Amino acid sequence: MKQVGASLALVALVVLLHQPSPTVADRLRPKGYKQTVEKLQKFYVEFETEVSREFRRWKHDGAMSPRFREIIASSRIGAHERAPELRELPTAREGAFCGICRGFGGSVLELRREGASREEMYNTTVELCTMLNLQEEDVCRGLIELNIDPLLYIVDNRPQLTSASLCAVVFQSDACTLDDPTFSGWTVDVDPNGTPVTASKEGTAQRGPNDLKIVQLTDLHFDPNYRTGYNANCGAPACCRESQGIPEDPAAGAGHWGDYRACDTPWNAVEDLIDRVVQDHPDADYVYHTGDIIDHGIWETSIGYNVRSIAQVIDKLSEVFPDTPVYNILGNHEAHPTNVYALGDIGRNDFSTNWLYHLSADLWSHWLPRATQQTIRLGGYYTALVRPGFRVIALNNNDCYTFNWWILYQPDALRTQLQWLHDVLLQAERAGEKVHILAHLPISSDCFSVWQREYRRILERFRDTVSGQFHGHTHKDEFNVFYGAEQPQYAVGVAWNGGSGTAHTNVNPNYVVYYVNPDTYEVTDFESFAYNLTAANLTPDERPDWFRMYSFQEEFGVSDLSPAGVDELVRRLATPGAREDLQRYWEFKVKLADASLANGCGDTCLLNHLCEIVTNQAGDDRKCQELSDMFFN
């Protein structure tokens with residue numbers, strides 16, 4: 001291939017990967033996608049070879065060749081592509097991002113394996129991070145300083161790890177294929193005595209006067225560095241912070257109660273949300289707090305910093321809920337470095353997450369039975385019998401986050417907690433208990449695909465025992481329907497997402513109140529409460545005006561909130577005659593936030609959000625395709 005060939009191939013294949021069309025959603029693979037992906041695999045090898053050659057010249061000569069500068073210039077990402085989670089990037093960018101990762105990641109792996117020191121690795125990766133526009137230089141420096149040691153340990157101790165596998169785990173798209181059986185060859189031992197899936201799981205429970213009331217708080221993202229009036233357009237993962245200064249344009253300044261831009265939550269807003277729950281729902285039976293206390297300042301965390309913020313929030317919850325059980329779980333931001341939860345036999349105490357597990361065990365003990373201590377200190381997860389016949393299982397599924405580097409070290413270590421989940425569910429089944437599962441990461445969102453596969457096996461086996469699932473992380477008021485792996489026409493479970501206390505990014509703060517049948521422990525309805533951030537910031541001396549945003553049962557008129565009932569709703573939303581209802585679903589998903597409503601959501605956007613409801617595993621778009629056929633019928 002000529003020197004310009006690889007870059008031209010990248011452009012051509014990205015164009016082939018996704019032709020813009022009003023009838024294609026990002027969750028739905030475009031026509032010819034499989035063939036294009038096959039072409040991409042060949043391109044990645046060619047691009048990686050060319051980058052390696054120019055990279056070596058740079059390291060040997062001490063200066064970049066004009067060709068290497070061309071490659072870097074053509075690979076630079078846009079600043080607008082930094083903020084979204086990888087799942088939010090359009091399909092058109094999957095191949096490009098995988099190619100960039102393979103090309104430059106492969107060269108960095110080679111550099112280390114040829115004897116480069118920590119200092120050289122640090123300086124090289126900072127320079128590449130900055131030149132590729134992955135983040136601003138100070139953020140690149142902070143992120144790499146925090147993450148370089150565990151990454152070097154993994155590279156040094158996994159000599160068989162390739163850039164192809166590394167990038168496939170992180171990006172987890174069909175455009176970045178994972179062929180290494182080390183990552184996919186493990187399974188959970190599932191009890192064989194379950195019944196086959198022959199119908200969607202039904203429910204008859206309607207909201208009644210004796211229903212339990214459960215409040216979900218999630219993703220508070222408290223930022224102790226938040227300052228009103230400071231720069232909200234800073235270009236970093238977290239803005240509105242003291243170190244970022246006051247902008248010349250007052251419109252770029254942070255609001256008193258929070259900000260729609262890449263900003264987290266000031267303490268006054270955290271307090272107001274928690275106090276509002278206590279004032280307006282004093283009869284709440286239980287509280288589910290599903291993680292992400294720490295802010296998005298991912299380039300400058302420390303153990304001490306995280307401990308202070310976590311303790312401050314949990315102390316507040318202890319103060320206002322002294323007698324109401326609060327079931328806490330960890331978010332991906334609680335770890336230091338962010339997202340990095342140790343897996344397997346590492347043998348390095350400085351990489352351990354034990355500090356967080358022991359802290360959590362101590363802080364959560366106010367509400368939990370003593371028997372939960374062992375597994376919390378072991379891995380940040382636990383189970384508790386809430387009342388006779390009703391059990392909570394609180395997972396720490398941040399271990400499956402694709403940005404948890406330790407997946408690259410020992411992927412089969414993910415099995416440990418999932419096997420524990422299975423075993424607890426088996427005991428619950430035998431005891432006639434119903435179970436709610438709490439997990440920070442939605443199963444369909446950013447979780448390693450093999451973990452998703454095994455979780456679905458467990459859920460399908462124990463679908464009659466699991467009465468509800470509750471997630472956070474996405475900051476969206478949304479839900480997810482699970483279907484049989486081999487019988488995708490049948491719905492076997494529903495997971496509800498509590499949204500977020502933070503407005504980061506383009507959402508209003510909210511919390512959710514669930515009504516739960518006291519016999520079946522199924523969710524019979526839920527109400528979402530929010531306030532308009534624009535209006536709140538206009539009156540900084542007054543508390544925000546919280547309002548009931550909607551009742552799911554009232555708004556969508558479902559027969560019940562069972563998997564069968566919600567699947568019926570999803571199929572109705574896919575029909576052309578229900579476009580207004582689907583539009584309303586999206587508006588509630590972004591919590592009626594002015595910043596999102598101003599951008600709007602057309603048919604392609606709406607189909608994408610509909611597909612997100614039914615997508616449970618990376619690469620499985622069968623239900624999405626089915627809904628798409630109905631959507632444009």
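Positions of Cβ are set from backbone N, Cα and C atoms, glycine also.
Among the candidates CYS98, CYS263, CYS400, CYS447, the disulfide partner that TrEMBL records for CYS176 is CYS98. Among CYS239, CYS240, the one TrEMBL lists as the disulfide partner of CYS234 is CYS239. Distance noted between the C-alpha atoms of HIS473 (Zn(2+) 2 binding site) and ASP219 (Zn(2+) 1 binding site) is 6 Å.
Long-range Cβ neighbours of ASP219 (Zn(2+) 1 binding site) (same chain, at least 6 residues apart, Cβ-Cβ under 8 Å): THR290, GLY291, ASP292, GLY331, GLY472, HIS473, HIS475, GLY498, GLY499, SER500, GLY501, THR502. Using a 10 angstroms CA-CA radius around CYS263 (disulfide bond), the recorded positions that qualify from HIS221, CYS239, ASN332, CYS400, CYS601 are HIS221, CYS239. Just so you know, the Cβ of CYS447 (disulfide bond) picks up 26 other Cβ atoms within 10 Å once every protein chain is counted. The distance from the Cα of CYS129 (disulfide bond) to the Cα of CYS98 (disulfide bond) comes to 15 Å.
Break the domain 'Saposin B-type' (94-180) down by DSSP state and the numbers are 64 helix, 0 strand, 23 coil.
Around CYS400 (disulfide bond), taking its Cβ as the centre, 27 other Cβ atoms fall within 10 Å, counting all chains. The average per-residue pLDDT of the prediction over the domain 'Saposin B-type' (94-180) is 94, rounded to a whole number.
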